[in-house]
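The structure appears right after this line, and notes come after that.
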Amino acid sequence: MEARVLWLLALVLALGSSSLADQYVGLSENLCAVPAKNRVDCGYPEISPEQCVNRGCCFDSSIPEVPWCFKPLQDTECTF
């Protein structure tokens, strides 16, 4: 009986973790709303959007002459 419970638990954990990995959609838009003049480069020339996002960075190629792969804004936490 105990072995069945362990196998069931392992199965549930494996299925749960794989479904969470598929749901990652990148950083939220508000963290990537960095003004062009404040962008800090996070990549290298010719980096793809996918490679940039995999580094935990934002990608926006709509503005020339500024970094397209850049560090996101820091998520702030309210403390009282």
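Quick reminder: no glycine exception, Cβ is built from N, Cα and C everywhere.
Listed in Swiss-Prot as the disulfide partner of C32, from the options C57, C58, C69, is C58. Between C42 and the candidates C57, C78, Swiss-Prot records the disulphide bond with C57. C69 is paired in Swiss-Prot with C52, the candidate among C52, C78 named as its disulfide partner. Checked against C42 (disulfide bond), the disulfide-bonded residues C32, C52, C58, C69 differ in C-alpha distance, with C69 being the nearest. In the three-state DSSP reading, C32 (disulfide bond) counts as helix. Under DSSP, C52 (disulfide bond) is assigned to a helix (H, G or I) in the three-state scheme. With a cut-off of 8 Å between CB atoms and residues at least 6 apart in sequence, the same chain places C42, G43, C58, F59, W68, C69 near C52 (disulfide bond), listed in sequence order.
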